[in-house]
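Engineer: Copying in the features that TrEMBL gives for the protein in this structure:
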TRANSMEM  52-76  transmembrane segment
DOMAIN    69-323  domain 'G-protein coupled receptors family 1 profile'
TRANSMEM  88-114  transmembrane segment
TRANSMEM  129-150  transmembrane segment
TRANSMEM  171-193  transmembrane segment
TRANSMEM  213-238  transmembrane segment
TRANSMEM  273-294  transmembrane segment
TRANSMEM  306-326  transmembrane segment
REGION    345-391  region 'Disordered'
COMPBIAS  345-360  compositional bias 'Low complexity'
COMPBIAS  361-373  compositional bias 'Polar residues'
């Protein structure tokens, strides 16, 4: 199928996969290579230097933090058994997806701002590969976050089913399925429904959001909006359950009220990290979803597209920062790795925060009440605080 795209004074004939076949002048004659290059968009660093500098600084910072941070997540998970709880596999899967974006797609965005469209048009295979990888990794990140939220929801609200559903084999299968599903939703761009191209406004190799309105709506509503809705509902139900648990705990006739208060505190902390990740996801991806769905005629300015795309790419870098801030055990593990202090749980034995949380959890178990420590993403085979209600 031949498509015709035009720019002021020039017409381009292109194949359905986005490759430029030839360029025509207004009279119908073929243009030479020099005329084609003149018609291409110049690098952002030449057309808007201040905007390019801000963008480059932000993206270089993001890719540095994201690449280093996600590698540390993977190394820490491999080295320290205390992190390898059943539910943490979704964090590992998310780190793999984020590493693809931060370590590969983000550097290509910086090159795009410096080199411009012409550099990628001379390397169509590279642009195509980056676009496929970026979309697949982003879709997989959405699915991994959704699975992590469902994991937490089942653990808190339907604990009796947790160990039946979230076995290690089943969680591994879920993560593999997330990658397969992500590529399935990217595949339409390879068979003519959509296509890959260099986006002149977001300055990156990505799917052509103007090629198919239906596919763009699916990406915006189905692949971004639906995970947002699912995660939001999970956390509403989780905190409803926690609120009910708190109310029941404080109505109990207890010898030591402070101990029950601490159980409540640990229960809240066990889901707080994922809730913060969800809020960040909403803040960084919602603007992008709204803009690509609303800009049907491709009339919105370059600055807006560049800004919302940059926000979306930042998401692959912030999860590591959230883990460091919110998860004491993970923070201790990372510090141990950075200090070359050993690669095993035995090397953490001197960590007071790790010991105190483990001891605290053990004490609760001895009294018939188990909680998820704040330092762990999820605790296996434990019984949550009784709420007096059927799960």
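The count begins at 1 with the first shown residue.
Placed from the backbone N, Cα and C atoms, the Cβ positions cover glycine too.
Looking at the shown structure, can you explain where the listed features end up?
Structural biologist: Under 8 Å from some Cβ of the transmembrane segment (52-76) lie the Cβ atoms of residues 43-45, 83, 91-92, 95-96, 98-99, 101-103, 106-107, 109-110, 113-114, 203, 306, 310, 313-314, 316-317, 319-321, 323-324, 330, 333-334, 337, all in the same chain and six or more residues away from its ends.
If you take every residue in the domain 'G-protein coupled receptors family 1 profile' (69-323) and average the pLDDT, you get 87.
Listed as Cβ neighbours of the transmembrane segment (213-238) (distance under 8 Å, sequence separation of 6 or more from its ends, same chain) are residues 139, 142-143, 145-146, 149-150, 152-153, 156-157, 185, 188-189, 193-194, 207, 271, 274-275, 278, 281-282, 285-286, 288-290, 292-293, 296.
Same-chain residues lying 6+ beyond the ends of the transmembrane segment (273-294) with a Cβ under 8 Å from its Cβ atoms: 145, 148-149, 152, 209, 216-217, 219-221, 224-225, 228, 231-232, 235, 238, 300, 304-305, 307-309, 311-312, 314-315, 318-319, 322-323, 326-327, 377.
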Engineer: Between the transmembrane segment (306-326) and the stretches 88-114, 129-150, 171-193, work out which stretch tops the count of Cβ pairs under 8 Å.
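Structural biologist: It is 88-114, which has the most Cβ pairs under 8 Å.
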